[in-house]
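Below: one structure, written as structure tokens.
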Amino acid sequence: MGSEVEARGFATFSEAHPELCSPSPGAQTPAADPEPGASERKTPSYDQEGPVELLPFLFLGSALHSSRRDTLAAAGITAVLNVSSTCPSLYEGELRYLRLTVEDSLAADIRACFSQAIAFIDSVKEQGGRVLVHCQAGISRSATICLAYLMHTRRVRLNEAFDFVKQRRQVISPNLAFMGQLLQFETDVLCQG
């Protein structure tokens, strides 16, 4: 019964907001591996390249990106906003860190973290720094935080922020609950000014 309700909820949401939905990664048939075991050696698409620059001081990426000192240095990253419960903060002492412990689940209240995340990003910006926002894959939790930041600071609707981020990091896909929380946040943001 619960999955039927969730499926109908998603169907309703996707009909109302098709621009915010994309097919699930599992819906595509994977290509055959050229040799046995090759899939274990492939880098997931979300880890390829490096973090993406959304604004001159704001980057979005994955845990792998946050673990590579050379990648962080090349991007001029001075601070890391870690939106996970499991990813380590590897360069404490060298970089500023904020950890927001959020699970990528339908029950998680990521909206409760928006104020703290926005304040952290703004403080890094004011100090002339650059911040990498990441979770495990840089797809759902960290993308949600970046979307909230853009909506709040630029006073834009979710679909505009989503398009902006999606053009730079195509793999983003906040979970359905996070999208709902962002839509609620949109109302708050647009009512403020």
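Any Cβ shown, glycine's included, is placed from N, Cα and C.
TrEMBL labels come from automatic prediction, so no person has curated them.
The region 'Disordered' annotation in TrEMBL covers 14-47.
If you look up TrEMBL, you'll see 50-191 marked as domain 'Tyrosine-protein phosphatase'.
The annotation domain 'Tyrosine specific protein phosphatases' is assigned in TrEMBL to 115-169.
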**Q.** Average pLDDT across the domain 'Tyrosine specific protein phosphatases' (115-169), rounded to a whole number
**A.** 98
Q) Using DSSP, how many residues of the domain 'Tyrosine specific protein phosphatases' (115-169) fall into helix, strand and coil, respectively? A) 37 helix, 4 strand, 14 coil
